[in-house]
Amino acid sequence: MGAKEATVRGPGASPVHRTCHLIPLLLAGMLTTGLAQSPVPTSAPRGFWALSENLTVVEGSTVKLWCGVRAPGSVVQWAKDGLLLGPNPKIPGFPRYSLEGDSAKGEFHLLIEACDLSDDAEYECQVGRSELGPELVSPSVILSILVSPKVLQLTPEAGSTVTWVAGQEYVVTCVSGDAKPAPDIIFIQGGRTVEDVSSSVNEGSEEKLFFTEAEARVTPQSSDNGQLLVCEGSNPALATPIKASFTMNILFPPGPPVIDWPGLNEGHVRAGENLELPCIARGGNPPATLQWLKNGKPVSIAWGTEHAQAVAHSVLVMTVRPEDHGARLSCQSYNSVSAETQERSITLQVTFPPSAVTILGSTSQSENKNVTLCCLTKSSRPRVLLRWWLGGRQLLPTDETVMDGLHGGHISMSNLTLLVKREDNGLSLTCEAFSDAFSKETFKKSLTLNVKYPAQKLWIEGPPEGQSIRTGTRVRLVCLAIGGNPEPSLTWLKDSRPVNDPRQSQEPRRVQLGSVEKSGSTFSRELVLIIGPPDNLAKFSCKAGQLSASTQLVVQFPPTNLTILANSSALRPGDALNLTCVSISSNPPVNLSLDKEGERLDDVAAKPQSAPFKGSAASRSVFLRVSSRDHGHRVTCRAHSEALRETVSSFYRLNVLYPPEFLGEQVRAVTVVEQGQALLPVSVSANPAPEAFNWTFRGYRLSPAGGPRHRILSGGALQLWNVTRADDGFYQLHCQNSEGTAEALLKLDVHYAPTIRALKDPTEVNVGGSVDIVCTVDANPILPEMFSWERLGEDEEELNLDDMEKMSKGSTGRLRIRQAKLSQAGAYQCIVDNGVAPAARGLVRLVVRFAPQVDHPTPLTKVAAAGDSTSSATLHCRARGVPNIDFTWTKNGVPLDLQDPRYTEHKYHQGVVHSSLLTIANVSAAQDYALFKCTATNALGSDHTNIQLVSISRPDPPLGLKVVSVSPHSVGLEWKPGFDGGLPQRFQIRYEALESPGFLYMDVLPAQATTFTLTGLKPSTRYRIWLLASNALGDSGLTDKGIQVSITTPGLDQAPEDTDQPLPTEQPPGPPRLPLLPVLFAVGGLLLLSNASCVGGLLWRRRLRRLAEEISEKTEAGSEEDRIRNEYEESQWTGDRDTRSSTVSTAEVDPHYYSMRDFSPQLPPTLEEVSYRQAFTGIEDEDMAFPGHLYDEVERVYGPPGVWGPLYDEVQMDPYDLRWPEVKYEDPRGIYDQVAADMDAGEPGSLPFELRGHLV
């Protein structure tokens, strides 16, 4: 590499070789960001074969400082401003520094990547002392880093548009960012360099950095408008200068305005012409504002601008008028920087004709007299000449005159005097104006000459004078005249006063005045009259100039005004009244008469008065004494005319002042249904009308302004709504006027639906006794037949009440029951309907008391239990009766001591059914295998049953085997289980076909089933069927092999049979007489058996003990399991001790036996399965706890339907809702004094329970 060259490598570019000049700050070839290698001097110092010279690079470049050592084995390191960097090629603390080259060749070049200002320093290459050479230090190499300015800050702001006024001086400031060396700044204005610039260099934000601040003084011109003013900064680190600029908006005035009009210099224009004057102003920023002035006053301020050409234009459009003569029109231009307004003007010279020609003077004149006229024109420019014409004949004027007119014009005047004759009448007299300047136009004024002369004749046509005409008649009068100029006006007069056509429309119009009509030389005018009294003897005249004609009418009319006069206006009962009837005027006279409401009154004649319309007057008087009944009556006066056959009437209404009086039709009582509306009407007469209607109820005054449920109507009537029973009663009305007061009582009768107030529930009676079920209600009205009764059975079925007596008195109804029977017990419903919905309904129970009836099947009930003192037994005694039953127990006739801890009794009362469960713990064969007697007692008697407690044994044979269905291949069987011996039993069917010997067996599954269908049979075959029961101790009926039936299956062509009747049970035939040999064998067998009895007895006792232990364990486990699983929550029990127990009840005609293994008898699902706490009263609340299913299974021990019959007709209730039906009756314990207004109108369920009407 040459000593005067450096290599610069930019990113992604090939190396570029430039000549290196050693002048500071002018190393343009080094201003890149690539690798810079310092030039190596041609003659290196001692010990070095290569060293770099001073180097200048741009910030961000990579530079290599050369160091070639002649003693390669020495330790070499670089020093930066005296700081040793160390011999390590990866220089610690300087990640951008590294040593490059082959150390064996003595190459220790320092490589600096991405140079920044911190690398601007002096560098030395130092060689340590070694065996090969001494310690060496190279001359210093100065590395200069050039930093370019990043930004120029221009004031005003760069990128903006700056508005200046042309010719004014402005200051622009430009400040560079930090750089090294300081940048140079110049200003360029519109492509020209600004000379007046001052700059200063200042220290930058860091050491070795500088910034330049330059200030330029600029005076813009109009040519600079829209140009850029640029600040340009440069330094050696920049390849191209950086710039900042703003746009100059130079304001300067526009050029002078120009009016583009051909007649600009002369200004000649014709009046009426539409003149358009364009004005243009060029240049200016902003563009010029133009306006037009007329005689110094603005007339148009509208203008347009073409920005591209910088031209403003405005057009003045005007219609020239005569007054515009001599007007000065000016166009002015200016903008915001104009020193003064620029103006261009024009003066108008207007030519205009006269706007009008006028003839002064009258053209109407009597014949043979002179007419003097003057013709005058309006101002014109230039002047005009005048001439006269009469018809087609030109007349000579008397004289002519010219005067100055308006707007620089002239006025012409011509006078004319003319003698008129009759033949000149109607000719046209014309004044004409003319001039050469207006040769195409004619201006003239014409008048018609009117020569006056009088008419020749005048007369009236109409009815003949003296003829009588009835008022209201339409009369036509016509006035006629011949000749005359002007045409005769024909004026009508009545009694010397002009007759005018009325302006306002009248139906019909009494006067219709026609217009003058002409027919040839005859003129006429019609006057039509509807004749009235004012026209009587009136004189109607017609005038035409000095001529006149007249006629007179005679009118017949009835009284024009018939008036009754009274001597007093304020009358009170007993006052005297004098009335006078006066007929003002009529023609001919009339006859007067007076009556009151059709009754003729005695009257006397009164002194007549003068009558208008030249008619006759009349008057008569009458005397009256008035009462309150006369108020409003009319006294009528009638005036009758015989000639006219017409009567005119007038009346006087009597105004009698009297206090209020209630009329006979006044209502005294009003009926209304509760919650409805009521109107208490008022029929009162008073004069003046009552001032107030005051209503009081129970001593309290009702507000006249109204209330929530009442208002007083304008006529005094009282209106009520949402009426309640509390509103029932008398209402007092107090009426008052200025004459006095009056009072009346009105009764309001409020009808409301019945409400049951008392209904005793339950109602009790002994069997055979008599009782009344009493139902007391609150209702209005109380009707004799409003009570009815129903007896309810199951599902509220209505039953017959023919054996009961119904009666009622007032608000109480009774249902009388005589010789009460158990079948009459149950629910009864009292229904009350008084015609106001809804009807009231109340439920009541009739309880018929009877002595206990114990369920005691015959001949005996057995209960089995192991007698080894390890098990327990429960005896169940059930009875019916009312009232509640008490139970007692005996064993073998001896009262049972229930204080003994081995005995526990639980009592259960459910309606009429009562139960006692006696549990015996640790059953002992010696003590407890006995006959127990249960006695049920109440106030009406007692009853008892016996229960035998026995030991565990084989089961008894089943009972009642019968066939329920038969088919060709099957037979359906049903039976009743016998005593199971205290152990679980199962059933087995043995059968045989009689045609084919041999027995077949079939086990019944499930084991506890009591019905079974035997299949696999042959059609048309006779079978014999046996049923056996067995338990762990053996089979039932081993001697006779159980009970049996015989059947014959039908053929395939026969229909299957269903039967509910048991077939005859076929017993095995009796044994034949025993022969001797078999008897001997039997005796021998007995002897053998006697020898083995001891061994067999012992074995039997052991086996029995083991069975008892197993049964006891299983029974206890089963009882505990049932207790946990089947707790009965709603039962009512009585127990002496808190022990679990079971129940046994006897109701079969056959003996039944119960074991203690898994024993859980249960009652049938009757009323005793649910609690009657909500439906019955008087039931004992007793604590009882035993397995919940205790009563479901005992149903099988009761007799079949019909064996016992119904002991008590019980009301069936929903087991899930033990309330009586809510809407069927009213609560007998309700609050009696409530009224409907105080009750909640919500649903029944929203009331408290005690107000819902439920039986509890």
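Just so it is clear, glycine is given a Cβ too, placed from its N, Cα and C backbone atoms.
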**Asked** Quick one: which of Asn578, Asn694 has N-linked glycosylation site in Swiss-Prot?
**Response** Asn578
**Member of Cys174, Cys331 annotated by Swiss-Prot as disulfide partner of Cys231** = Cys174
**Complete:** In Swiss-Prot, the N-linked glycosylation site annotation, restricted to Asn415, Asn567, falls on Asn415
**Asked** From the set Asn722, Asn922, which residue is assigned the annotation N-linked glycosylation site by Swiss-Prot?
**Response** Asn722
**Complete:** Of the candidates Cys830, Cys877, the one Swiss-Prot records in a disulfide with Cys934 is Cys877
**Asked** In Swiss-Prot, Cys431 is paired in a disulfide bond with which of Cys374, Cys375?
**Response** Cys375
**Request:** Choose one of Cys542, Cys581: the cysteine that Swiss-Prot connects to Cys637 by a disulfide bond.
**Result:** Cys581
**Winner by Cβ contact number (other Cβ atoms within 10 Å) across the disulfide-bonded residues Cys431, Cys775** = Cys775
**Prompt:** With DSSP, how much of the domain 'Ig-like C2-type 3' (256-347) is helix, how much strand and how much coil, in residues?
**Reply:** 6 helix, 50 strand, 36 coil
**Message:** DSSP on the domain 'Ig-like C2-type 8' (852-953): how many residues come out helix, how many strand, how many coil?
**Reply:** 4 helix, 61 strand, 37 coil
**Item:** Of the disulfide-bonded residues listed as Cys67, Cys174, Cys279, Cys375, the one whose CA lies nearest the CA of Cys581 (disulfide bond)
**Value:** Cys375
**Item:** Residue pair Cys331 (disulfide bond), Cys375 (disulfide bond) - Cα distance, angstrom, rounded
**Value:** 43
**Request:** Sort Cys479 (disulfide bond) into helix, strand or coil using the DSSP assignment.
**Result:** strand
**Request:** For Cys637 (disulfide bond), list the number of other Cβ atoms lying within 10 Å of its Cβ atom.
**Result:** 27
**Item:** Residues near Cys231 (disulfide bond) in space but at least six apart in sequence (CB under 8 A)
**Value:** Leu152, Leu154, Ala158, Val172, Cys174, Ile185, Ile186, Phe187, Ala214, Lys243, Ala244, Ser245
**Request:** Would you mind giving the whole-number mean pLDDT across the domain 'Ig-like C2-type 8' (852-953)?
**Result:** 91
